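The block underneath contains the structure these notes are about, expressed in C-alpha cells.
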Amino acid sequence: MKTIGIIAEFNPFHKGHEYLIKKCKEKLNADYCVVVMSGDYVERGAPAIISKFDRARMALSCGADIVFELPVYYSLGSAEYFASGAISLLDRLGVVDYLCFGSENPDIESLNSIAEILSDEPQSYKDALGKYLKMGDSYPVSRKKALNDYFTLEKSDISSAYVDILESPNNILAVEYLKAIRRIKSKITPFTIKREGADYHSEGIEEISSAQGIRNMIFSNSETEKSLIKAQLPSASAAFFTEYAGKYLDSNDFSDFLYYKLISDKNSGYTKYLDVNNDLSNRILGVLESYTNFDSFCNSLKTRNLTYTRISRCLLHILLNITQENMDSYKLDGFTCYGRILGSQKESSALLSMIQKKGTLPILHRLKDAKEFLSPLEFALFEETLSATTIYNRVAQNNIKSEYRLKPVIL
C-alpha cells in the first residue's frame, strides 16, 4: 500500500488542487491520499471563506481519501509553524510514504539546498540576517539578502540564483516542508510537481486561477463572475458554489470581535500573543482610537518591516488568544498534534485501520472522547482550536451550536 500526503488549505478547492492530487497519485502509483487541511483559519491571516467540512467534502470528491484538520496554532502560524505542525501530524500517522506539493521550482535538489542552509543557519548567514532586520527590512527580504551574502562570502558551489527560489510563496512553503522533514528525521519522501496555473497571489483569471483570484470572483457576486467561477472549479466544487446560500467570510466580518479584544487588553499590551513584539504592540495602541475595521486597521499598521499578512495573523492571534507561551510548549513537545478527521471515503477503511496500527497519533472519531484519549498538552491544543472554531461559527451565522454534534463527512 502506497500513500501520499498533501498539506493544504483548499480555500476554496480548485482545479489546481485537483490536478495535484490526481497527478501525484498517478506518478507515484499511490493507493491513497491523506490530506492535512487548515480548519477555520488560514496561514495568510484570515478566516476560511467557507466551512472546513464543505472544503473537505470537495477534496474527497476529487481524489482525497481522508482529511484531517490542522490545529489553529499551525493553520494560523507563519510558514515555518504551518509546515512544522502539518509535517508532525503526517509523520505520526505512520502511513505516509510521500509528501506531495506543487512549487514554482520543481527541482527538489535546489529546494533541499536552501532548506539545509536555513535549518543549519551558518554563523555568517545569521549575522547577515540580523543586520538586515536591524536595518528595518521585513523578514522575507532580510532572509533573501542574507542568503545572497552567504553565497557570496562562502563562494558556495550552490548558485546564488537559488536565492530567487524564495521569491515565490509555494517555493517558500516547500522549503519549510523540507526543513520540517529534516528536523524530525522523518522517513517521508518529498515529491514536487511544477505548479500549474496562476501565481499564488494572482488576482486575474486564467485557465487554472489562483485561490486568491477565485475568492475575488466569489466576493464580487456578479452574474458574470458566477459563470467564470464554474469554469475555474472541478464539478463538485462548482456545484457547491452554485447552490450555496450561506455567508462567505472575510477578515472584516471579525471587526467588532477584534475591536472588543483590543480594547479589553489595551492596559496590558499585546506582547503575550504569538509573534507580537513590543514595536507592533505599541503601534496597535498608538492607532487604536482610529479603528474602523479589520482591513483598514491592518493597513494603518503596515511598515517597511511589517507586512499586511504578518499583521493580520497577529491580530487574529490576539483575537483568538493564541499565545507565545503556549506555542513554545507545543513546539517543545515536537509540535503537539492529534488527528481530528473532517472526512473520509467509505473505501478508506483499510487506510484508517493501518493508521490505527502503525501511527503514534491519537485519532478522534468522536470529539467527546478527546479528554479521555488526548494528553494534557494535546487536549489544551484541541480546546484552543475548538474555541477558535466557536468564534468562526458565530460570525458565519451557521447555527452550529456545538462542534461536538458534528460528524465527519463520509463519501
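Numbers here mean position along the shown chain, with the first residue as 1.
Quick reminder: no glycine exception, Cβ is built from N, Cα and C everywhere.
Whatever TrEMBL says is automated annotation, not expert-curated.
Taken from TrEMBL, the feature ATP binding site applies to 7-20, Gly102, Asn170, Arg195.
Feature map: TrEMBL annotations on the structure.
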residue : record           : Cβ contacts under 8 Å, 6 or more apart
Ile7    : ATP binding site : Val35, Val36, Met37, Leu70, Phe82, Ala83, Ala86, Ile87, Leu90, Leu99, Phe101, Tyr177
Phe10   : ATP binding site : His17, Met37, Arg55, Ala56, Met58, Ala59
Phe13   : ATP binding site : Arg55, Met58, Ala59, Cys62, Leu233, Pro234, Ala236, Ser237
Reduced DSSP assignment, Phe10 (ATP binding site): coil
Collapsed DSSP category at Asn170 (ATP binding site): helix
